[in-house]
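Lifted from TrEMBL, the feature list:
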type	residues	note
REGION	A:1-31	region 'Disordered'
REPEAT	A:137-179	repeat 'WD'
REPEAT	A:180-221	repeat 'WD'
REPEAT	A:223-261	repeat 'WD'
REPEAT	A:271-311	repeat 'WD'
REPEAT	A:394-435	repeat 'WD'
REPEAT	A:436-477	repeat 'WD'
REPEAT	A:478-511	repeat 'WD'
Amino acid sequence: MATQYPPPSKRQKREQAEIARQQQDVEQTIPDGSVRVRFVDQATGETGSLPVLTVPLSQASTKNLEILLNELKDQADDRIPYRFFPDGGAEALGDKEDLYNALVKPGKVSAESEITLQYAPQAVFRVKAVSRCAAAISGHGDNILAIQYSPVNSSRMASGSGDKTLRIWDCDTGTPVHTLKGHTGWVLAVSYAPDGTIIASGGYDRIVRIWDSTTGKPIGGPLKGHTDFITSLSWEPYHLQVHGRPRVASSSKDGTVRIWDAIGGKVDFALTGHKGNVTCVKWGGTGKIYTSSHDKTIKVWSASSGSLLHTLSGHAHWVNHLALSTDSVLRTSFHDHTRTIPPTQEEKLAKAKSRFEKASTIGGEIVERLATASEDCTLFLWTPHTSTKPVTRMTGHQKQVNQVSFSPDGTILASCAFDNHVKIWSARDGKFLFSLRAHVGPVYMTSFSADSRLLASCSKDTTIKVWDLRTGKLKEDLPGHKDQVFALDWSPDGERVGSGGADKQVRIWRN
Amino acid sequence: MPQNEYIERWQKQHGKRFDYEERKRKRLAREGHKASENAQNLRGLRAKMYAEKRRKEKIQMKKQIRAHEERNVKSSEPAEPSSTPLPQYLLDRSSETNAKALSSAIKQKRNEKAARFSVPIPKVKGISEEEMFSVIKTGKKTHKKSWKRMITKPTFVGPGFTRRPVKYERFIRPMGLRYKKANVTHPGLNVTVQLPIISVKKNPSNPMYTQLGVLSRGTIIEVNVSELGLVTAGNKVVWGKYAQITNNPENDGCLNAVLLV
């Protein structure tokens, strides 16, 4: 029989009542008064033409500030959500917070002083954090080494495996669609073309292959030329492509990068000059190709002539990975969150071009920024258009940095390293924001959600973790894989996350 | 210049003979033939001596070859692909195999552990009780049962020590063999300072000797190093530090020790 507690004493009752009363009138305690608010653009650090406003404290919630800023910028009919960072702090104001409770009450600022709020535009859509495993699909006979979603939508995903095949999956039903056989070695790199119709794959057998993504049939024969395994692939941006002649760049351990005509099946030219394993290649949206290598340098090439433009040096050891601020736009070209595909070729081109320009324009000019991760435990941020000197050097990791990625809106950098941490940096000046600690093994990869509000990371500790980038806290912990997770991709429309690893199962996660 | 280096001096002044290198090469080329001739033709004592010399040379040669072979063994995994497929970013790392990493970690730990207990003089000869103590036979009662001992080695007694009543004093530590100070060498700085002893920490021969404060070779003592001005990592002045006795105090009449750092 359960023990019955005695009824609460008079004192206990009084205390309860006190607490309840205090909790009740928390909402009404915003006093009269006002604060002066100055809005500063986070990307440029300047106020521009915006006036310093006096805002009543009782009205100064994040929602109202957002409306106010949109009014000031004459965007009232087409509002953009903003995120406000008080005085350059790392953590932004929450959506339901207000200035009084977040800043004035804890004593961070006094009500008389001027509050500087850095604003950063956010995506107009919102991606929900993935929280459950929608499907765990067996099929591959060996470790899964590369995964990529189609840029069109999240229903198709391609995965490359150690069993020498590529598989295309239907993520709506969790079933295999095609098995692409042809490689004679492990498939190390998989890449969808920006329009989503072609897939390129590169393998340990030194061969690049081109596939039709809808039928799963090879296009042309194997592209031979490399003398060592392929490390990464990068498609020519859609707005630069000659219609019907898309090109793809492949980097290899043999120190060269080859530019292939994907349809014609011929090598256009080879970029030789690196003295070691080329670890990563990225085709920029301004007609430049960026490569990183084990010879400690990053080289910038002209995509039209194949000549070397710059050599960026500064790293003290291998350069493991590089990321462009426009990566996600170039990957998705004319596919955006509205999911409307322009009907004609010209409109597609125009849309891809305008999306690229919108993503890369800072202060009226097109700036493509570059971040590199290195074996010397540091990262560098470059603006290769203007200077061969780095903008900043980001230190803090205690072991080799494996991968770096830009958020789709180009404001945040995420780096993952063998020291079990993911670190978040400001992409404008390289300022350290957060260290995301929860993984207990080396973190292999990270992937941003399309709205830049969330980040997924996969690790040797067999888990995938989803992080909230506003607070730098863990949002979801997704165990499920039975062995280390090598590959991870968040679909460009934000619906699903695909992952694969040494347990030979592709897992699809969704909210 | 040493007197015996006349050849070097001559070479410095006049240079080498023009055919020096060639003569050297030829001598080297002849060496095998020469050795073989000696081995076949020497007789008697000279043959014996030659054989002995040759044997030693061969032992040395074999040792050297073995050392070379050991050096050539690859410590980490070859760059060849492992049997399990790995993603591109893990491929080129010279990954030590797990077992290898584990075993080296264990070895290192063991070494560290050994290093913690390692002292400059790890082994000393034990001292028997017969050698250490002499039986005192003065007085009627003492003589009858012979229970009183005198320590025949140098000792350290604390500053506040008073002898016990004669009836209860079992061990006598003679005044003439007591030490208060030791000449302590700092091995890193290579300086020797006379420092007061604080206590005897361990006499390796016998725990009882530790209790009695016997100072023999290999004994660990604590000395007062406040004069040296050593500072800890936390920026505090160190005043007590361990040292090990390196000489035989009973023979030398002084106490030499080396600081354990």
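Just so it is clear, glycine is given a Cβ too, placed from its N, Cα and C backbone atoms.
Heads up, TrEMBL stuff is auto-annotated, nobody curated it.
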Proximity of the repeat 'WD' (A:478-511) to the repeat 'WD' (A:137-179), 3+ C-beta pairs under 8 angstroms: yes
Tertiary contacts of the region 'Disordered' (A:1-31), as residues 6+ beyond its ends and Cβ separation under 8 Å: 57-58, 98, 100-101
Integer mean pLDDT for the repeat 'WD' (A:394-435): 91
Helix, strand and coil counts within the repeat 'WD' (A:180-221) (DSSP): 0 helix, 20 strand, 22 coil
